[in-house]
Structures are given as structure tokens and as C-alpha cells.
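Here is what TrEMBL says about this protein:
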ACT_SITE  TYR136  active site, proton donor/acceptor
ACT_SITE  LYS164  active site, schiff-base intermediate with substrate
BINDING   THR47, ILE206  pyruvate binding site
Amino acid sequence: MADSFDVLTPLVTPFDADGNLDVAGIESLVQHVVAAGVDGIVPCGTTGEFETLSPQEYRTVVRTAAATAPDDCRVIVGTAATDVATVHKRMAFAAEQGADSTLVVPPYYGGQASGAGNEAFFDTVLADAPLPVYLYNIPGAVGQELSIETVAALAQSDAVAGLKDSSGDLPYVTAVMNQTPADFTVYQGHDGLFVPSIVLGGDGGISALSHLLFDELEQAGTAVASGDVAQARTVQRDVLSPLSDACAEFGFAPTVKALLADRGVIDHATVRPPRTSLSSDAVASVTERLE
């Protein structure tokens, strides 16, 4: 079991009622999660709707989030793209803004899902990486899994800091931990597996739920670290998993934004297509699960 753990927030990207970027909302959101106690923030990831942002908007989100975060809050910037040149440009910009590291997915378009192809892609990315890189396995969004063998091979590089896994596949996480160096960080990205991953030796989570339930995540992780797995399991079962299930049902960005707006943390719950905002009935359903 892990004796320490991190909780980082994959930031949603606030928009106004017309779908325009809400810069003040980004600042307020970062201040909100930092005040809650998170160890770091991850702008421009999946929950941040990165693929809907223009290049200028992407830079604005990264610049604003990094500038708002205090020095003791880590900043891991999502730098996903289908071409290495864009990944490198985004990495360089993240470094200029003072980010600590970056998060990179395998290519998500092209039709050639292969270990050799992914290793070639990442080898090229890592060759000129100005910051440490976290690999990002999210097959449900990317369309392919970053194989355990590929992760193990890439983990030998000093440029690779670790992995965020959002596959929801606990045996996958276990195999990665068994086949990578002891200092290779493994973050859980599937909130329904936060506690099980820490029990198995994971390093914490990049958790969408931390926008709303940081105290409960901290409580669960602390319980595991102190050996009280039963208490951690109770928090996972009664609090974390119900909201994780709701996010899976209605979408992570739409659900988190709806609850943040309901609590006054952001002004609007607007999401961009193809995502859709929650209906009032859906918001009521999610809220009921948290009671």
C-alpha cells in the first residue's frame, strides 16, 4: 500500500453562457481547488475539453492557470495532439509559463494502433521534451490502449515521469506497476478505482471529483496510508463511486461543471459540442446521489 499519495485536479475549462472562454472563471476555479488543498492542477486535459479549444484559447487557458497557481501547486499541462510538432510547441509554451510537466496521449487518429508505432511517436516526443512527460492511457477517448509493454519500455527514459491511467482496468494498472521502476509514478484517472489503486501501491489520482470532493479523496487516501482500508472502502463506496458513476453516465465535464455552477464556483455550466449540458432533472439526480 502507498504510504503517501497525491490528488491533482484535471481542470474543467469555464465558458460563459455563449460558449466563450471565461478567463476570470479559470482564475476562480484554480483558486477554489488550491484552497481545497489539491497537490496540483492539470489544465487542457480531457475534462478540460482541450480538443474544442482554438490555439489561442489553449494558450490562454495554460497561461491563466499557471499564473494563478501558487508555487507549491504543481502544474501538469495537457499537450495532446496528433502530430509531434504541435506536441512540442505546446510543451515549449507550457515550459515558458512555468509548468512542471506535461501529459501526452498516444495519437488518437490514424488507424494504426501498434506498440511499435506508439513507441516511435513517444520517442520523437521525448527527444526534445523541455519538461518531464506523463504518459496518458485513456483508450475510451483515444481509440487505442497504450500497451503495458510500451509503457514499460518508455518508462526507462529519464524524460518520462509516470502514467495517468483512465482505462478503468485495475489489472492493467497492477501490471504497469509491476513492470516499471519503483520511482515511476502511476496516477489513477478513473475515480471509481481511486482507493483500489492506492491499496495496490499507486501514487494517487488525477481526479475530476477533486473539483468537488477533495476532502473525501484525502480522507480515503489517508485511511489507506494508515492501514484503515475498511474506512477507505466505505468512502469509495458511499461517496466517490456514486459521483464517478454519475460522471460516467452524463459526462465528466458536463457533470462537474453543473455541480460547480450549482455551488457558485463558476458562473455557467456551459460545455462545447459534442458534449451537452445536463438537464435540470439530471442535475437533480446527481445531487441526490451525493446526499
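For all residues, glycine too, the Cβ spot is worked out from N, Cα and C.
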At the level of the C-alpha atoms, what whole-angstrom distance separates THR47 (pyruvate binding site) and TYR136 (active site, proton donor/acceptor)?
13
Between ILE206 (pyruvate binding site) and LYS164 (active site, schiff-base intermediate with substrate), what C-alpha distance do you get in Å?
7
Distance [Cα-Cα, Å, rounded] between LYS164 (active site, schiff-base intermediate with substrate) and the residue listed as 'active site, proton donor/acceptor'
5
For TYR136 (active site, proton donor/acceptor), write down the residues of its own chain that are at least 6 apart in sequence and whose Cβ falls under 8 Å from its Cβ; none is a fine answer.
GLY45, GLY78, ALA80, LEU103, VAL104, VAL105, LEU146, LEU163, LYS164, SER166, GLY189
Local backbone state of THR47 (pyruvate binding site), from DSSP in three classes:
coil
